[in-house]
Every structure is written in structure tokens, then in C-alpha cells.
Amino acid sequence: MDKGIMVSGKIRVFINGFGRIGRCAARIILEDECFELVGVNDLYSCEQMAYLLKYDSVYPRLEKSITLTEGCLMIDGHRVALFCEPDPQNMDLGPLDVDVVLQCSGIFLTQKSNLPLIKCGAKRVIVSAPPTDSMPTFIYGVNHSDYADEEIISNSSCSANAIVPLFKIIDRYFGIDTAMMSMYHSYTVYQNILDNKHYSKDIRRTRSATQNIIPLMSSAAEATGYFFPHLKGRLYAKSIRVPIPSTTLYELHMQVNKKTNVEELNQILKQEIKSSYADILDTTDAPGSSEDYVQSPYSAIVNLPFTTVVGDNLLKISAWQDNEYGYAKRLVEMAKHIA
Ligand SMILES: NC(=O)c1ccc[n+]([C@@H]2O[C@H](COP(=O)([O-])OP(=O)(O)OC[C@H]3O[C@@H](n4cnc5c(N)ncnc54)[C@H](O)[C@@H]3O)[C@@H](O)[C@H]2O)c1
């Protein structure tokens, strides 16, 4: 059978890693008639998986019947197979007839480490993070139409999903020379809630995420650079973790090759977003703050009144994103596209 062809009417999705992104993706899939969630794998108890799918401290309660029966999740009467297997090699996905695995575990970041999922029956794998090898990487709304039937792909990072489409607009109109990105990013599960030891090389990860503003190393410059080879070595990014559980404010500073001003820049942003990026970007004039963008489906929402031009070629754009929900939306759209 052609590996690109669905066998049922629906796209059959398996989620490996049922954490923040995996569960957000599950919520989106469960609301979309095109999909069927056929299985989930993680290393914690089935009771907690069922509980955390229903109750979430950031998003509303999931208004579905969720129960456990014989090692399966029953969601509104629909059966979702549950696995508790650290090594994908030991999972037999054949009987589930999986069209796409969403690899949301955060630990399988290479083509080689995801190959066992293909070998054990999945047709495609999408990794929810930038790869650590040469895995083909796509951002929905930017280069997804270049997808050429690769079996294992990356959906890049939340930051690259926000930054790359905005840089595409600026680079096209003004030519980016150099850029610095500051991400005021919600804390993630990879930080401590109180000061404690941490496995990371970044010593500030030992500090309490709920009590501090914590500058951390970021891979956003590299992830963004993948889409702008001519800017190699000319991008810099810092993730500034702030004590909120979701949403990010991006402050993007760009030195460009053509002169402009705030009015022209905002006009181009509004026009381009409306005409070419309406599915993934938005603009706002509202005096909002981070809480107003929780569960926003966009990759980035440009905060137009904060657009700044210093001199005539140093630009700054501010944009909001729900780094969990907005990112998970793109992940699921990518799954629909490749299936
Ligand atoms: N949180 C965000 O804002 C965000 C945004 C975009 C991308 N990402 C990326 O998505 C990935 C997941 O991030 P997250 O925030 O959901 O983390 P998370 O810790 O909430 O979720 C990861 C889940 O994977 C599970 N897991 C670990 N090892 C596993 C294994 N061997 N097999 C199966 N499951 C395993 C963990 O138990 C956990 O539940 C990371 O690579 C992260 O960089 C996160």
C-alpha cells in the first residue's frame, strides 16, 4: 500500500510524549473531525494521563467523558490505546494503522532515534522540536508546501514558528542585515519550581521558575537561521523565562538594509499578514497583556503600537504567542498536511 494514503477516512494519530505539547495537540485533534486519536505513549500512570487530559491549570476543562477501560482511554466512547514504553522499538504500532506520530517527548530529536517508530508501523513522524541532526524541518504557513513525502520531519520550535514568518516579511521588503531576538517566555517543565539541582549545562535552570526572571540559553537563533541561510552568524537570541505558565512576548530587533518608518512598517505588516499569513499570524492594537493571548491559535500576534524604528533602519517588532497552544495548532495542521 502507498505509505502516503490513509486507509480510513480519518487521519490516525499517535502521540508519543503526553506532556504539555502532547496533551494540547490531543485537545485540538479531539475537536477536529478529520482526525482520530488512536494511541498515546508516556511513562506515567494511565490514571494521571486521563486526569491531566481532562483537567488543565492553563486551559479550560475538557468537556468530554474520559474513562479508563482495560488499559485504554475511552474518550466520549472512543477507544485510545495507551502505552507506557520508554523505547519506541518495543511498541507494535502495526495494528493501530498509524498515519502520523506526533513525537512530543522532547527526547527523540534525530531521524535515527525516530526510525523505530516507522519500522514498528507508523507512516510518518513529526517531531515537536528542532532536530539535533539534519532532519528536514518545516514551519506550517512558511515552507510546508515544500514537504516532499519525507517520513520523519521536524516542526521546529515555538519561537521559530513565531519569528520566521515575521522575518520572511521584513527580509522580503527591507533585507535583514542582523537581528537580535528577546523572548519573554513562560516557564516550562524543564525548569524547577523551587531552587533545586538541575541536569542542564545552563546553571540558571537550578533557580525557581515561579520566583524569578531567568535568562536562559536559547536555540531560537539556530532554529530561525535554518530558514535564512544568508543570515548565518548574524542572528542572536535570548530566552528570558518569566513566572507565568503560558504565553511568550517576542521583542524582535532587526538592522535592515532599506530605510523605513513606523507607519510604513505597520502598513506592510498588516497587509502581508492579511494577504499571505492570515492562517498563522494576526495583528492587534489592543492594550493587552500576556493573559489575553492564552489559547490563541496564532503563531504570532503583532502588537502594532509597539512597533519601533530608530533612525531609519533599526526596527523592532513586538508579538505575542501562546507557546503551547499556538505551537500545537501548527503541529496538528502539519500532521493534516503531510497525511
Ligand atoms: N512547552 C512549550 O512551550 C513547547 C513549545 C514548542 C515545542 N516544545 C517542545 O516539545 C517537546 C515537549 O515539550 P513539553 O513542554 O510538552 O514537555 P513535557 O515534559 O510536558 O512533555 C514531554 C513528555 O514526554 C514524556 N516522555 C519522556 N521520555 C519519554 C519516552 N522515552 N517515551 C515516551 N514519552 C516520554 C514525559 O514523561 C513528558 O510527559 C520538547 O522538545 C519541547 O522543546 C515545547
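Just so you know, glycine gets a Cβ as well, placed from its N, Cα and C.
Automatic prediction, not curation, is the source of TrEMBL annotations.
Residue counts for the domain 'Glyceraldehyde 3-phosphate dehydrogenase NAD(P) binding' (11-158) by DSSP state, with H, G and I taken as helix and E and B as strand, are 39 helix, 39 strand, 70 coil. If you look up TrEMBL, you'll see 11-158 marked as domain 'Glyceraldehyde 3-phosphate dehydrogenase NAD(P) binding'.
Summarising the annotation, TrEMBL assigns NAD(+) binding site to Arg20, Ile21, Asp42, Ser128, Asn323. A simple way to gauge crowding: the CB of Ser128 (NAD(+) binding site) has 29 other CB atoms within 10 angstroms, across all the protein chains here.
Under a cutoff of 8 A between CB atoms, and with a sequence separation of 6+ in the same chain, the neighbours of Cys158 (active site, nucleophile) are Thr248, Gln321, Asn323, Glu324, Gly326, Tyr327. Look at TrEMBL and you will find Cys158 tagged as active site, nucleophile.
As annotated by TrEMBL, site 'Activates thiol group during catalysis' applies to His185. There are 25 other CB atoms within 10 A of the CB of His185 (site 'Activates thiol group during catalysis'), with all protein chains counted.
In the three-state DSSP assignment, the secondary structure recorded for His185 (site 'Activates thiol group during catalysis') is strand. On a Cα basis, Arg20 (NAD(+) binding site) lies 15 Å away from His185 (site 'Activates thiol group during catalysis'). In the predicted model, the domain 'Glyceraldehyde 3-phosphate dehydrogenase NAD(P) binding' (11-158) shows an average pLDDT of 97.
Taking the Cβ of Arg20 (NAD(+) binding site) as centre and 10 Å as the limit, one finds 23 other Cβ atoms among all the protein chains shown.
Listed in sequence order, Asn16, Gly17, Phe18, Gly19, Gly22, Met49, Phe83, Cys84, Ser105 are the same-chain residues at least 6 apart in sequence whose CB falls under 8 Å from the CB of Asp42 (NAD(+) binding site).
Contact annotation for recorded positions (Ile21, Ser128, His185) versus ligand 1: Ile21, Ser128, each with CB under 6 Å from a ligand atom. If you compare every pair of Cα atoms in Arg20, Ile21, Asp42, Ser128, Asn323, the residues listed for NAD(+), the longest distance is 21 angstrom.
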